[in-house]
Each structure stands twice: as C-alpha cells, then as structure tokens.
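Peer 1: The structure's right below; bear with me while I get my questions together.
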Amino acid sequence: MDSEALKKYSSLHPKPAGLTLQYGTAGFRTKAEQLDHVMFRMGLLAVLRSRAVASTIGIMVTASHNPEEDNGVKLVDPLGEMLHASWEEYATQLANAEDHELQQTVTAICQKAAVNQHKDASVFIGRDTRPSSKKLSQSVIDGIFVLGGQYHDYGLVTTPQLHYMVCCQNTQGQYGKATLEGYYEKLSKAFTELIKQSSSSGESQKHLKIDCANGIGALKLSEMEPYLPKEVLIQLYNDGTKEKLNHLCGADFVKVHQKPPRGLDMKPNERCCSFDGDADRIIYYYQDATGLFHLIDGDKIATLISIFLKELLAKGGQTLKMAVVQTAYANGSSTRYLEETLKVPVHCVKTGVKHLHHKAQEFDIGVYFEANGHGTVLFSKAAETKIRQLAKEEKDNEKREAAKVLENMIDLINQTVGDAVSDMLVIEAILALKGLTVQQWDAVYTDLPNRLLKIQVADRRVIDTTDAERRAVTPPGLQEKIDALVKKYKLSRAFVRPSGTEDVVRIYAEADTQENADALAHEVSLAVYHLAGGKGAPPQP
C-alpha cells in the first residue's frame, strides 16, 4: 500500500468534523454533501473485500426512495447479495476513522480479514440519477485507484442491474452476460416465451401505466422497450424529465400514503404500478369504478407468485419444497391465506432484506417480499437443475410444459435481489397466463385494516424484541400492556420495534375495522410513550 498516495488522495476527500455514520441494511445514507469522504473510503473497502474473496465486488451509489438531496452507497458481494455482516462493521469503522487514522484502519482491516494486498482486485460501479451521483462515484473511483484496484464503471443503472452484473461476472457468465444488453436479452427472451402461451385476452389486459419515481427506472425501461414483444403496452410516467426524484411519487410514497402518485392520471380499473427511486421495489394499484383506491402490496405480489408456482409444481408432479418468507409487517390476511387456503408454509423473520433472503435460501423455492414491494424468488441449485432437466427430457407433455414455464420463470426472475423491472414482468406474465384482471388478483383475499405509527423516544435502544420482532422483551411491562390492548379487538395484533436508523419506535396494529386498528395503534403508542421514554407531547389520536 502506497501510504503517500493514500494520504494525498485522502486529503482531497476530507472527513467533516464530528460526523459519524452507521452502515445498515441500506448501506450509508445521508445528505449528499456529507458523503464525499465515505465514497472515497468505500472505494478502498471494495478493493479490500475483492482481494479477500478473490472476486468482483459491486458499489452502488444511490439513496433509493430518499429525497433527491440525499445520497448513499452500498456494496454488493460476489453472488449479487448484500455485503457480509462482518464487513458492515469494517465499513462503519472506515467511514468514521479520522483522516490521520485512515492508514492504520485499512491496515487493521487487512489483518483481521486476512487480506492479501498483492492480489488483483476488481470492482463494478453503478449510480442512480441524482444530481450528486456522478461526482460521488468519481470519489469511489479515487479510492479504488489508490489501492491499485481495477474497475468497470457502468454509469447509470438500476440497483438490481448492478447486482445482476456482479453475479454474472463471478459465475463466469453462468448467470448471464455481465452487460446491460445481456440483462435485457435474458429477461425479454424468458418473458416472450412465457406470454406466447397466453390467450390474447383483450388489449386492456396488456396495458400498464408505470410511475418511475422520476428515477433511473424510466431510463432503463425505455432502453428495454425495443427488446419486449409488441403486445406489451407500457406507458411511463414521472420519467425524471420534469420533476424531482421521489417527490410525491414512487413506490414508497404510494405505499405510505395509500394514494396514487402525482403526475399519473388513473382511469377506473386501469392497472398501474410504481417503482422506487433505484428500481428495486414495486407496488401495484388501481382505482375502482366508485373512485376508491386499491393498493396491491408486496404481500399480494408474493401471494400471486406463490399461487402460480404451486399450480406449476402440481402440474409437473414435482415434490419440490416451497415456502414464503415474510416479516411481522405482512398483513395477517396474507399469512392466513397462504397457510390455510394455499397450504404453503410461511416463515416470519426480522425486518430487513438480508434476513428474508437468507431464510429463503433454505428451501427448494423460497418466495420473499416485504410489504413495501421489495422481493424476489430464490431457486436452489438442485431445484433449478431438476426443473431444467425435466423441461428437456420429460416424456409426459403436460409435465414437460409445466417444467418449461418454470424454467422461463427462473430466467425472468432476478434472484440476486428485489428488482422492479423483473418483478413487473413476472407479474405481467402471470396475469396474462392466468387471464386475471387486476381486480380479480386483488380479490384473492381482503387485507385486514391496519395502521403504522411512529413515536419519538429519547433512546430507541430501550426497546428490545424477540420472535422476529413480534414481541418486546424490554422495557419491562410493555409487552404485557400490548397483550392486554390486543385482547380488546377482533382479529387484532400489534407489535413495536425500534427503527434501525433514527430514535423512533415504529408501531404496527391491525384489527377487524379501520377504526379499531387506529384505536389500537394509538393505545399502543401511548404505552410506548409512557414506558419507553417518549419525547415531546404525548401522541394524540
């Protein structure tokens, strides 16, 4: 390591005094002007990680659904998964080291993680459309350069596209070609094969309006359109030419506010969806004839995919083990429908994509979605091999056809991470093959009315949870109080959990009516306020 070069470049990317950041599920995220030193240092870290695992590592410059003035960075591990937990700790140490400690921090990481400084290093870089992203990705490149790493800058890409490229590169092309063209070709070929089977059920079925959150999704969907079959009629809204990223639009806005985004004119019963800012989440919705807004969230997307896969497995006479992974935020109706009607096992894990992804890897087929619309489907190596073999060799026509559809689903799904583009094509293919309207999909089950609240507290660490965050262990007496409150309402449940990023406690409640869900959420928020050190005035109903 050239310590003079490190010193010189580090002085070009100084750390602001008194700033400390934590690498979380979303990597680092804060105001863009505070991130220059972090980007430089994540360039350094990516080189170290690459040498430690002898593979290409990805760096994505994005703050996803945050406001346009924020930015962030996350690292992508060799198979397109999130950075290993032990390295999140190194990322935090490196980001917070004072300028004069940088050299020794790098050396300490090398020792702890047994990094051979003489090995080659390779890093793939991508960025979203934020005004600050280009300059910040240049800072990443400075970091890679100083430690002698090689890099390929993909420029503007969606987050899932970068995950995909990294996986392709490290599987020596087995997962696909590590180019944007390779991504478009693989997905569109699988999609085209799938919808060949569908009976063309009217033009309206093929029509889809997409809110692109004024982000990268619009650019990449426009690039992909020529690859898609003529029958696909998509209209892009909030394409970033006029308005600010994520402002009053995007999947997060629609999910939180339960209303359509600005800039998208909805007609009754039209199928619409929203991407988030970096296109790794998707939410569907429509307005019924009476003007009522209907949201179709990640739970319902997971259910649609599960219904479809279960039918295919039955048709193909396959005994593969399938399961759905959810978090405590999943609507109780979805869990009940999956377990009792569809007879598919459901597992609940802690909030955060890495927990869902990890659990889903335990099954032949693991479907996971967060209610916010981030999710995908994982196929085990053994399951994939078996399906591809049957698609080729099975003598029975019906079984072979079912295996072929499954094989195309495997190719259409981005298994590295939730991907709005891929998930949208999966959903559109399933709706076309099953001849379902958006209303019929929505009617599979009725969501229990629910309410999300947050309460400011002096210190979020006073609340500790267990049972996949569904029960509070501390402070004493809080869980007993919640249990007593839940007993007052029908079909009800409630839980509280500390935020991963700020001193607030998040409260979720559901019950048989909206009035009861609201009342329960309010009563639980009062209990949190009084027992967990609430700040400011007590919550009002």
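Every residue gets a Cβ built from N, Cα and C, even glycine.
Predicted automatically and left uncurated, TrEMBL annotations should be read as such.
The domain 'Alpha-D-phosphohexomutase alpha/beta/alpha' annotation in TrEMBL covers 53-97, 106-166. The annotation Mg(2+) binding site is assigned in TrEMBL to S64, D276, D278, D280. Annotated active site, phosphoserine intermediate per TrEMBL: S64, in sequence order. What TrEMBL records for 178-283, 297-435 is domain 'Phosphoacetylglucosamine mutase AMG1'. Per TrEMBL, substrate binding site is recorded for E370, A371, N372, R497, P498, S499, G500, T501, R506. Here TrEMBL flags 380-415 as coiled coil. Positions annotated as domain 'Alpha-D-phosphohexomutase C-terminal' by TrEMBL: 453-525.
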Peer 1: For the domain 'Alpha-D-phosphohexomutase alpha/beta/alpha' (53-97), which recorded stretch in the set 106-166, 178-283, 297-435, 453-525 gives the largest number of Cβ pairs separated by under 8 Å?
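Peer 2: Most contacts with the domain 'Alpha-D-phosphohexomutase alpha/beta/alpha' (53-97): 106-166.
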Peer 1: I'd like the per-state residue tally for the domain 'Phosphoacetylglucosamine mutase AMG1' (178-283) from DSSP, helix first, then strand, then coil.
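Peer 2: Summed over the domain 'Phosphoacetylglucosamine mutase AMG1' (178-283), the classes give 40 helix, 16 strand, 50 coil.
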Peer 1: Spatially speaking, which of the binding-site residues E370, P498, R506 is closest to D276 (Mg(2+) binding site)? Use C-alpha to C-alpha, please.
Peer 2: E370
Peer 1: Who are the long-range neighbours of the coiled coil (380-415) in its own chain, taking Cβ under 8 Å and residues 6 or more past its ends?
Peer 2: 80, 160, 163-164, 186-187, 189-191, 193-194, 197, 309, 312-313, 315-318, 320, 361, 363-365, 422-423, 425-426, 429, 433
Peer 1: If we check Cα distances from G500 (substrate binding site), which of the binding-site residues S64, D278, D280 wins as closest?
Peer 2: S64
Peer 1: Count the CB pairs under 8 A between the domain 'Phosphoacetylglucosamine mutase AMG1' (178-283) and each of 106-166, 297-435, 453-525, then give me the winner.
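Peer 2: The stretch with the most contacts is 297-435.
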Peer 1: Say we define neighbours as other CB atoms within 10 Å of the CB. Which of the binding-site residues S64, N372 has the fewest?
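Peer 2: The binding-site residues S64, N372 were compared, and N372 has the fewest Cβ atoms within 10 Å.
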Peer 1: For the domain 'Phosphoacetylglucosamine mutase AMG1' (297-435), jot down how many residues DSSP puts in helix, in strand and in coil.
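Peer 2: Tallied per class, the domain 'Phosphoacetylglucosamine mutase AMG1' (297-435) gives 80 helix, 20 strand, 39 coil.
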Peer 1: Compared by Cα position, which of the binding-site residues S64, D278, D280 is the closest one to R506 (substrate binding site)?
Peer 2: S64
Peer 1: Which one of the binding-site residues (P498, G500) has its C-beta surrounded by the most other C-beta atoms within 10 angstroms?
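Peer 2: For the binding-site residues P498, G500, the Cβ with the most other Cβ atoms within 10 Å is P498.
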Peer 1: Same chain, not part of S64, D276, D278, D280: whose C-beta falls within 8 angstroms of the C-beta centre of the Mg(2+) site? Give them in sequence order.
Peer 2: T62, H65, D128, T158, T159, G215, F275, G277, A279, R281, H374, A420
Peer 1: Using DSSP, how many residues in the domain 'Alpha-D-phosphohexomutase C-terminal' (453-525) fall into helix, strand and coil?
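Peer 2: Helix (H, G, I), strand (E, B), coil: 24 helix, 25 strand, 24 coil.
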